[in-house]
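Feature annotations, reproduced from TrEMBL:
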TRANSMEM  21-40  transmembrane segment
TRANSMEM  97-121  transmembrane segment
TRANSMEM  133-153  transmembrane segment
TRANSMEM  159-183  transmembrane segment
TRANSMEM  190-208  transmembrane segment
TRANSMEM  214-233  transmembrane segment
TRANSMEM  276-293  transmembrane segment
TRANSMEM  299-318  transmembrane segment
TRANSMEM  339-358  transmembrane segment
TRANSMEM  378-402  transmembrane segment
Amino acid sequence: MTTEPVKTDPQAEKLASRFPTAYTILFLLIVLVAALTWIIPAGQYDREMNEAVGREVAVAGTYTTVDANPQGFIDVLLAPTAGFYDPDSYAANAIDVALFVLFLGGFLGVVNATGSIDVGIRAAMRKMTGREVWMIPILMSLFALGGTTYGMAEETLAFYALLIPVMMVAGFDALTGVAIILIGAGIGTLGSTINPFATVIASNAAGVAFTDGLIVRLVLLLGGLAICVAYVMRYAMRVKADPARSIVAAQADSNKQAFLSGGNGTVEDRLSGTQSVILILFAATFAALIWGVSSQGWWMAQMGALFLGMAILVGLIARMGEKRLTATFVDGARDLLGVALIIGLARGIVVIMEQGLIADTILNSAALTVGGLPELAFINLMFWIEVAMSFLVPSSSGLAVLSMPIMAPLADFAGV
């Protein structure tokens, strides 16, 4: 069946051109938070070392007001740098995450240069001709597995460029590819069963075993995944039947140009022996990542080293040669450089809050808001407070360490 190409909506293009970039939005948030340090009273909790968490945590009931430390023009300009590392003590902030993202980009760049992933997915699609929609639950389950075991987030970034074209070739739209990755990993993280960066740290900070509530989280994961898979499959089938029903129908032509142009007219859909080996190594890399993070205490340095080592191994197996391997790795890292910069900017917001001594004030206000409420009201309000604070503290482990030592005693008092 042939369909007429959907014209790009000029209004959508105009809106996209006027909407600020993520860099601008984050920098404006830094400016806004700096302005708030002149308005919100400064305050601090006493802190003590929590051996289970390995960090200092706030002590409930110790909040006191302190002298204000409003952040000025120079502090705003230093915030993006301070988001990566402390300019005074040289202590790392988000620089380890940013470097990890670059190593991940390099690894995926090398793997992608071999064509293994593209050909592998096309081969799977060829075998499932007429049943392509069933790739959706398979792929979403894999991303959910990463989310529930180690909070897969930055690791998904490079998969968008790989999966979106495949979904479009299968007759779906670009949003289907985005939804598979974003919703799949998101529902996995929401139902974090053994995620050490969210569930384990939060449980330790609250003084409870992370296995408490494991069955409930597992039910939440499986139930949420089933609902999300059904929703994405339904949307994908509607789009395949009638492309005009796509939410991004107005950008159909531009998406095709962005994701499907540059081909040579020949689409390979059969894996070579070398590509099969590389796909096995690719899967083994993420299996090792899950094992290391969930049971061996790996953090960004170890994960970055894993991706670097596997990139070299894949390059050797593919017989790339030193110059091509190096160039491909650098090109892959370059593709995610913008993401690395965004990570530093986002962390800069937290730096301004901490230096301006308003982070604990906001937390204390939240604690006073939920204190003494009935159980059901406490649970719901607590949820939305954590959602709101996650915009200010974009780190699951950081948010857990900041809020759980205060919120957990309040939850005990409320009877939940």
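Backbone N, Cα and C atoms are what each Cβ position is placed from, and that goes for glycine too.
Curation plays no part in TrEMBL annotations; they are all automatic predictions.
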Using a threshold of three or more Cβ pairs below 8 Å, and leaving out pairs closer than 6 in sequence, do the transmembrane segment (190-208) and the transmembrane segment (378-402) count as in contact?
yes
Grab the same-chain neighbours of the transmembrane segment (299-318) for me: Cβ-Cβ under 8 Å, and only residues 6 or more beyond its ends, written as numbers and ranges.
96-97, 99-100, 103-104, 106-107, 110-111, 113-114, 274, 277-278, 281-282, 285, 288-289, 292-293, 324-325, 328-329
Cβ contacts under 8 Å made by the transmembrane segment (339-358) with residues that lie 6+ beyond its boundaries:
22-23, 26-27, 29-30, 33-34, 36-37, 40-44, 66, 68-71, 75-76, 79-84, 93-95, 97-99, 101-102, 105, 154, 157, 392-395, 398
Using a threshold of three or more Cβ pairs below 8 Å, and leaving out pairs closer than 6 in sequence, do the transmembrane segment (276-293) and the transmembrane segment (97-121) count as in contact?
yes
Looking only at the recorded stretches 21-40, 159-183, 214-233, 276-293, which one has the largest tally of CB-CB distances under 8 Å to the transmembrane segment (133-153)?
214-233
Where else in the chain does the transmembrane segment (159-183) make close Cβ contacts, counting only residues six or more beyond its ends and a cut-off under 8 Å?
108, 112, 117-118, 121-122, 125, 132, 135-136, 139-140, 143, 228, 231-232, 235-236, 239-240, 243, 246-249, 251-252, 255-256, 259-260, 335
Long-range Cβ neighbours of the transmembrane segment (21-40) (under 8 Å; 6 or more residues past either end):
68-72, 75-76, 79-80, 341-342, 345-346, 348-349, 352-353, 355-358, 361-362, 392
